[in-house]
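This report concerns only the one structure given below.
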Amino acid sequence: MAEQEGTAPSAQGNGSCPLKVNFDWNWTLKLRSRQVLALHLKRGTAELFGTELAEGYPYTFEPGRKLAIFSWHGCTLSVTGKPTVAYTAEETPMRSYLNLHLALQQLRDAAKDAYGGLGEGPKVMILGPPDVGKTALSHILVNYAVKQGSRPLLIDIDTNEGGSLTLPGCLAAAPISRPIDIEDGLGASAIVTGATPAVWYYGYPTPLEKKDMYKLLTTRIAESVKTKMQEDPLVRLSGLIIDTPSQFVDPQSESLLVHAIEAFGVNAILVVANERLYAKLSQQYGRQPNISVVKLAKSGGVVDRNQVYRRSLTSRRIREYFYGTPKSELSPHSSTLPFSELVIRRVGFEGALAPSSALPIGMERTLNETRLSRVEPSSILLQSILAVSNASLPELGSRVQSSKEEEDSVLGSNVAGFLHVSDVDDLKKKITILAPNPGRLPRKYIIMGALKWVEM
C-alpha cells in the first residue's frame, strides 16, 4: 500500500492530502462522473503513461478520467478531490515495458545504419482483450521514444468507444513529436499535442460489424503510413506503434488481424494477458526471422470499464472534438444549410430491400459492405455524427462517375473533419449542423455511419 499522511489516498472537500508513492509502485485512480481532481508533484519523480509530471505544477483532471501515476524512484503528491477508486499496486509491468522500449530503441539505432540510412524502425502491434492496458502501453512506448528524439507514428485502429487520436468509429494515424499532454491526452488540438492525425471514418463500434469495409480502410491507412515514412526520414527510422481493438483476440477476427499485420508490415507483436492468442501467433509467426512475438502481463493498475463508463467516454470524446477541454477550449459554429448543399452517402447500407422470399429460387442476397448508398436528408440524420470526406465532387459538366469510381474516391480519401446534426426541418428542407469552424464546408461529400451524440 502507498504510505499516506492521513487516511485514504484522497481528500474531502477543498482540502489537499499528501500521498507518498514508493519506488516502482503505481497509484491508480478513477474519478466520479462529476468529480474534478487536482494534484501536483511535491517531491521526487512521477509519470503518467510515460509523460513526466513537472514538480510543483498543478494538474487538473476532469470527471470520468482514469489515471495511473507511476514512480521510478518514489515521490510525494498533493491531492485534492475524492476519486471513486484509488489504490496502489506494488507489482507493475513497468520494468518489462522499459526493457521493451530499450529493445525497440536498439532497432531504431540499427535502422540508421541499415541500407545506407534508408532502414525502417520497428513496426509494433499491441494486442489483448478489453481492459488490459493496451492504449496505456502504446502511449508509454510513444512517450519513451519521443524522449529519445524519435518521432514515431501512433496508429489507432480501435474503433470502439474512445479513440486516442480522434472520434470513436475511426482509424487514425499521427506522428508524435512531443510528450502526450498530462491533462488533455491526445484529445486536445494539434497546436497542443503536435499531432495532426490522418483519419478514415469507419462509423461503427466494432470491426466485426463490416469486415470488408474495415479491411479496406486498414489498407488505405497503411498505404498512407508508407507514404509518410517515405517522405519523413525521422518518422521512417522511428517506426510505428499500433493500438488495436480488443475484438482482434476473437477467433472471428482472425482474418482482420492477419490483414492488419500484413498491411502494416508488422515485425513486433505484443500480446497482453492472452495466452491463447500468444500461443497461436507464436506458432504462426514465431519462426519467421523478421517477426517477434512477445508476451506481456496485464498491469495491476488497470481498472475495468463497464458499459456506462464506455458510453460516457464516447460522449466525452465527441464533446471534446467540438468544444475542446477546459485547458484548450474551442468555439464550434452552428449553421443551417439547405438539403441541396449536402451529398450524403452511407457505406454498406442497402436501405429498404425486398424480402429474401422475393428473390429467384436458389439465389441469396449478399450485401456489399463497401457499396455507397445515397442518403436523402431527413430526420434519420438527427443527432448523427457525419464525416466530411476529402473526396471531391465531379465538376459540373464533367462525365458522371460510375458507382465504382465514386466508391474508390470516397473510401480512398481521409476525412477533413466531422459535423453534428442538431436539427432537421423536413418542411423547410433545411438541416442545422455543428462544425468545428465557421464558413463553408471544405467538401460536399458527407459520410454517415452509426455514430450518434445527444448534446447535453
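Glycine is no exception: its Cβ is also placed from the backbone N, Cα and C atoms.
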ATP site partner of Asp24, Asp131, Val132, Gly133, Lys134, Thr135, Ala136 (as recorded in TrEMBL), chosen from Lys66, Lys82, Lys210: Lys66
For Lys66 (ATP binding site): DSSP state (helix, strand, coil): strand
Spatial neighbours of Lys134 (ATP binding site) that are distant in sequence (at least 6 apart) but have CB under 8 A: Ile126, Leu127, Gly128, Asp158, Asp243, Thr244, Ser246, Val272
Other CB atoms, at most 10 A from the CB of Asp131 (ATP binding site): 14
Span of Asp24, Lys66, Asp131, Val132, Gly133, Lys134, Thr135, Ala136 around ATP - largest C-alpha separation, Å: 21
